[in-house]
Amino acid sequence: MPAGGGRWGSFWEQRTRQLQSQVRAKEDKIAELETENAVLLLKLAEYKGKIEKSRSEATRISTLYNKQQRLQRNTRSALSQLDGVIQKLNQDIQAFHSSSRALLRDYQDEYQDRVSAIVTAVQRTRQSAETLLACQAKVVHLEQALQDVSARHQLERQRRKALHNSLVELRGNIRVHCRIRPLLPFDSESDDPVLQSSSISREVAHAVDDETVLVKCDRPGHPLINKTYHFERVYGPAESQSAVFGDVCPLLTSLLDGYNVCVMAYGQTGSGKSYTMLGPHSDDGPVLPLDPQSDLGIIPRAAEELFRLISENPSRSPKVEVSIVEVYNNDIFDLLAKDTVAAVSGVKREVMTAKDGRTEVALLASEAVGSASKLMELVRGGLQLRAKHPTLVHADSSRSHLIITVTLTTAACSDSTADQACSATHPGEQTEAGRAGRSRRTSQGASAPQPVPGDPAGRAEQVQARLQLVDLAGSECIGVSGVTGSALRETACINRSLAALADVLGALSEHRSHIPYRNSRLTHLLQDCLGGDAKLLVILCISPSQRHLAQTLQGLGFGIRARQVQRGPARKRPPSSQMEGKRRPD
């Protein structure tokens, strides 16, 4: 079976080769499929990546879509709200347009009205400007005319005042100046409920000008009455002490020219008499004024001015002596008298009538002074002894009349040339000095005179002139001052002496045959200056308050009576030799 076996062997070999080729074909197919599978796997991986990307993109797109949906919803809501706002704005715009049109119409109407008003105003302004120009021209003309009239008025006032002063000199009238003090805190103080409820501190006295006082008399149960008083000079509440002294100063020149001078302060208590005469109250007393604007009164200013005037003419330097008295309870006390131990103490004195008819105080102490400071030192010493007592009206009320006398003893002119020089200052007064009927002073009490060549008696002729500065105690209403006991007696004596002074002035003004000087020691002591040949100035001090209306009217009435006194012209003091020839026989 080799032959058979050979066929089977080739068959199997062929079959094997066939199977091997099929296997190789299958392997190639497998390789191809594996390759294709690998490619597919790659594509699958690629597709998976794409799918993953697609999913991510889808998720992103879904998220964006959701956001877009929300945004759309929000947008629709916002658009809906915006539509509402737009509608509201459209409505507001329409309303605004309507109101704007209405407002514009109103503004146009108002504009037309204003334009019309402006045109009218411009026309009126033009007319007013023309009128104003005419008025200005008229005002300029009137101002010029007023200045001319004022200048003429001032000139006429000066002429009238000069003529009035000349008339006062010729008639010998008492000069009366009125001073109105300011309102003070105590003017509104009162224990009376009726007075407290009324206007007691209302100002009723006014200085209309420098010569006129107006008093508004408004008393309960009476109609309002305005009373006017005229004086040589009126000082308002704002006028200073220097202004008051400015009108007193010329009298000091007259004193050095040989005239007797008296300055007297009169008024109710608390009206400013002591302030006017001395200055503000001080425990140290008045001093010399350091400047013209100080508050010091007439007495310290007069002391300084007197010695200033004396120093300007040292060739005729007079001897200056001072005496100080007070009239207290109708008794006269010498405030410069000294006791046994040389201490100053008030000593009671008496008034007497000298041989030449003048009044003087017996045994009156006087001291020579050489300066204003020495004079004021004596005044301060006298003031410390002056009687004072507090009242409801015045806490430092003076209870006595103070009289300071300054006596100047001067050598008389010895020849005709000197006589002419002496009379040059006051022309016409030498002739007047020869008239009779006036009391004269002698040189008693003066130092031993020096001889003058040609004097047969071997002594120099001397002239004495006297300056009296009087601070009267104030009149009081007992119900207002509230005084009791000894102060009540003081008030009674003060009021009686002031009433006696008013009686004397009334008798002098009426030219009565009898003048009651001796009704009071005050009037007896002041007889020479009241009815004699002294230049007398009364400073009437009044309160402006409604509370003191009655006393103010009383004081003004006193001043009017004083102005009516005509005593003849004042005269210079004659030399002592002429005085000797005119003395009455013992």
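Backbone N, Cα and C define each Cβ position, glycine as well.
Annotation comment: Swiss-Prot describes 10-94 as coiled coil.
According to Swiss-Prot, the domain 'Kinesin motor' annotation covers 173-565, on the basis of sequence analysis.
What Swiss-Prot records for GLY267, GLN268, THR269, GLY270, SER271, GLY272, LYS273, SER274 is ATP binding site. DSSP gives THR269 (ATP binding site) a coil state; it is part of no helix or strand.
Taken from Swiss-Prot, the feature region 'Disordered' applies to 417-460 (among others).
Swiss-Prot lists 564-586 (among others) with the feature region 'Disordered'.
SER274 (ATP binding site) carries a helical DSSP state (H, G or I). On the 0 to 100 pLDDT scale, the coiled coil (10-94) averages 84 in the predicted structure. Looking only at other Cβ atoms within 10 Å, the busiest spot among the binding-site residues GLY267, GLY272 turns out to be GLY267. For SER271 (ATP binding site), the same-chain residues lying six or more positions away in sequence with a CB closer than 8 A to its CB are ARG181, GLY474, CYS541, ILE542, SER543, HIS548, GLN551, GLY555.
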